[in-house]
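Lifted from TrEMBL, the feature list:
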- 283-449: domain 'Helicase ATP-binding' (DOMAIN)
- CYS510, CYS513, CYS550, CYS553: Zn(2+) 1 binding site (BINDING)
- CYS519, CYS522, CYS537, CYS540: Zn(2+) 2 binding site (BINDING)
- 545-699: domain 'Helicase C-terminal' (DOMAIN)
Amino acid sequence: MTIAEIIVDVPTMQTNLPYSYVVPKELETKIQPGMRVVVPFGKGNRKVEGFVVKVDHDTEKAATATTQLKSLTSLMDLHPVVNTELLKLSQWLAETTYSFRISCLLTMLPNVMKAKYQTLVVPVAPVTDPWLLDHFPHQDAIPLDQDHFSNQELARLTELRKQGQVQIQYQVHNQAKPKTELAVLNQIQDFERCRESIRKNATGQLALLNQLERHPKTPLQQRTLVKQTGISPAVIKNFENRGWITKTTVEKYRNPEQHPIARDQPKRLTTDQQHAVSTINAAVTDQQPTTFLLEGVTGSGKTEVYLQTIQRALDQDEQALMLVPEIALTPQMVTRVKRRFGDQVAILHSGLSNGEKYDEWRRINEGTAQVVVGARSAIFAPLQNLGLIILDEEHDPSYKQSDNPRYHTRDIALWRAQYHHCPVILGSATPSLESRARAEKDVYHLLRLPERINGQQLPEIQVVDMTNALERTGDLFSNELLQALQATIDRHEQAVLLLNRRGFSSFMLCRDCGYVLKCPHCDISLTMHLDSHTMKCHYCGYETAIPTECPHCHGHHIRYFGTGTEKATQQLQQLLPQTRILRMDVDTTRKKGAHRRILQQFGAHQADILLGTQMIAKGLDFPDVTLVGVLNADTGLELPDFRASERTFDLLTQVAGRAGRAEKAGQVIIQTFNPEHYAIQLAQRQDYEAFFHREMQLRHLAGYSPYFYTVLVTVSALKEKEAAAEAGRVSSLLHDNVAQTTEILGPTPRPIARIKNRYYYQIIVKYKHDRQLPAALNRIQAISQKEVRKGFRIAIDVEPQSFM
Ligand SMILES: Nc1ncnc2c1ncn2[C@@H]1O[C@H](COP(=O)(O)OP(=O)(O)OP(=O)(O)O)[C@@H](O)[C@H]1O
Ligand SMILES: [Zn+2]
Ligand SMILES: [Zn+2]
């Protein structure tokens, strides 16, 4: 008898223990770990989905035990969708992030493969198998489920899939179907006889006949026939009526990068680059899972190091995975990789439609793509033979997933590197303190690129004290910055301006009664957006009309405070009327392709100034940008987070690095109310090493990462009192079960205490060594399941990247 162990997908009864099911006889030799199945679950034998994690053939279980086991109902896949490596990874991920294995497994799959999508079986033309001909008389797609196929038939389909006679497609209900093309399939046996029956001057018909004769067994795309050989649709119709062809469809890959990209050659490396490349390449060749920290100042040519080490992996028939933060996944970066590696590259990012993502995923799964470039979730790309993993901008907080499973991409990269025996490159101009500290202890191998390419100087940075500047101009733009902007434009060069807040004004205050307009669902004031004429909540998306009077006292003395990108653009336009300004923030890049368009316009000099939020700080490489201005360096410093200084230093360094990257020298102006702050002063000197040592001392004194580990436990409920009480219970459970030396801070209300009508309390656990902690957190995880039914949500976040 064959038993399958299955992780079931039942949201309210999650457990990390698999359930055992008997495998029906017909499927015994077909079922494999990593396939999804349908099983009966619970008292009502409700049908639920699950993942096979293990298959035991010939189990000698006692008859009494097995008679109590239920039988699984059917297969949802004809082949594993999660491979052996990723199955193993899911287990480790569940354990280390205190999440449920089912959510780990689901996280690894592209969206289209998740439950609400229908799986279809499609025969691959030309169909020869008699059984297939019988079951798919019209050669169309049939849903892969129990209504359509018995288990015996499912078993047969797994075989046919292996032989390439059927394919699997995923269809989104009520959404775009998988992209297919109309095609025609030849049915003619005797071409000579057909040719005789065609009039000699019917050139279209003869042309089609020739095409068919040349490709008697492959479906021909109708569009290509019409476009390239000039065969009219009427001719095709005619052939169909005579029974010479049948209509069919062929699936086509949706290619997100349409235009062809010219290839380039590897660059001649500088001495520092050469050292880095040969050190890393040695590890690629020797299959050493070494972690390299590539600390290179902005514009030092880190990307070229990535490209040449990827090449080494490809040379030995291995694959490479390159991760970039979502907002750094700019068209510029994608183009650079495609230029070097062409069609071998697959791109995964949130700008793609689900269908496009699935196509890219499939190219990876089938081994067509050798290089994968993607944002966070691409770390799960099912590459089978990894030779190198790269995390660019490794310090970026977006590498941490904020939902279950709350993993850090870096940890997964290191795990996969061990599995594949391949090196990892962590690259950054401003490495995270954690990584830099590990390099200090030789856990990571430090490689430095201390100079810019061609010996270019880092740009000169000037700090403008806005407490004085304000008195002079009373505005968002200091005279220094305005003059520098004017000069840049006069020289026909370009400027980039950073303002880390979108919208127009950040809050509305009534001067009569002091009322501040807040989101009704969150503890946060609403931001005015002039382009949509609304007040928006940046946390839950709530929108309401811009009030003309105070909703509280009905007074008319309303004032708006705080400046966002929208207002800054408007003001700047008034100050420099002739200037062409492009704004780039979440609001202007919402539409597909907008991001690319804005950058293209800027690159083509259709604008003088690019003003935007932090999305402009990363990865941009425009030779004519000689001025960078930071309008408000302080927004990040005020956050209640021990990483506030690090984040500010990183952002300033990154954005400053956009200036003067080519021949022309760059200039940077940072406006701040805290000119004495060490993060700002050291960013001015662009001295990462000094910042690292200074910040390490402070972290040591305060007992924070990397000296201590932290776990954040958050409890929420609809009523504030209940959230507080539950947080209290969780906190005492922790107190009673962790090591003496472990510190437990809180519970305290979260800095933004209410979001989407839920009240949040948080507990911070700080420790150095604590063997008991995992068991305590496991208990909390188990409890969280029961508490959900009472309306509580408990989240465990290991090494949190945000405390908001
Ligand atoms: N060896 C080389 N010879 C000539 N040009 C190079 C070389 N290496 C890199 N470059 C060019 O130098 C510029 C800066 O390199 P790159 O963008 O890779 O730096 P980076 O370290 O990734 O920068 P950042 O971290 O600021 O994004 C690019 O235009 C790149 O094409
Ligand atoms: Zn009022
Ligand atoms: Zn809200």
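Backbone N, Cα and C define each Cβ position, glycine as well.
Note: TrEMBL annotation is automatic and uncurated.
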Report task. Take the C-alpha atoms of CYS510 (Zn(2+) 1 binding site) and CYS519 (Zn(2+) 2 binding site) and report the distance between them in angstrom, rounded. Result -> 16
Report summary line: Out of CYS537, CYS540, CYS550, the listed binding-site residues, fewest other Cβ atoms within 10 Å surround the Cβ of CYS540
Report task. Sort out for me which one of CYS510, CYS519, CYS522, CYS553 has the most neighbouring CB atoms within 10 A, since those are the binding-site residues we care about. Result -> CYS519
Requested in this report: Using the centroid of the Cβ atoms of CYS510, CYS513, CYS550, CYS553 as reference, list every other same-chain residue with Cβ within 8 Å of it (recorded Zn(2+) 1 site), in sequence order.
Outcome: ARG511, ASP512, GLY514, TYR515, PRO551, HIS552, HIS554, GLY555, HIS557
Report task. To the nearest whole angstrom, state the Cα distance for the pair CYS540 (Zn(2+) 2 binding site) and CYS513 (Zn(2+) 1 binding site). Result -> 27
Report summary line: What DSSP gives for CYS510 (Zn(2+) 1 binding site), in three states, is strand
Report summary line: Cα of CYS522 (Zn(2+) 2 binding site) to Cα of CYS550 (Zn(2+) 1 binding site), in Å and rounded, measures 19
Requested in this report: Could you tell me the mean pLDDT over the domain 'Helicase ATP-binding' (283-449), as a whole number?
Outcome: 92
Report summary line: Apart from the site residues CYS519, CYS522, CYS537, CYS540, the 8 Å Cβ neighbourhood of the Zn(2+) 2 centroid comprises PRO520, HIS521, ILE524, LEU526, HIS538, TYR539, GLY541, TYR542, ILE755, LYS756
Requested in this report: Using CB under 6 Å from any atom of ligand 3, narrow the binding-site residues CYS510, CYS513, CYS550, CYS553 to the ones that qualify.
Outcome: none
Report task. Consider the binding-site residues CYS513, CYS550, CYS553 and say which one has the Cα lying nearest the Cα of CYS519 (Zn(2+) 2 binding site). Result -> CYS550
Query raised in the report: Once the chains shown are all counted, how many other Cβ atoms turn up within 10 Å of the Cβ of CYS513 (Zn(2+) 1 binding site)?
Result: 12
Requested in this report: Go through the binding-site residues CYS519, CYS540, CYS550 and pull out the ones with a Cβ less than 6 angstroms from some atom of ligand 2.
Outcome: CYS550
Report summary line: CYS553 (Zn(2+) 1 binding site) sits from CYS537 (Zn(2+) 2 binding site) (Cα to Cα, rounded, in Å) at a distance of 22
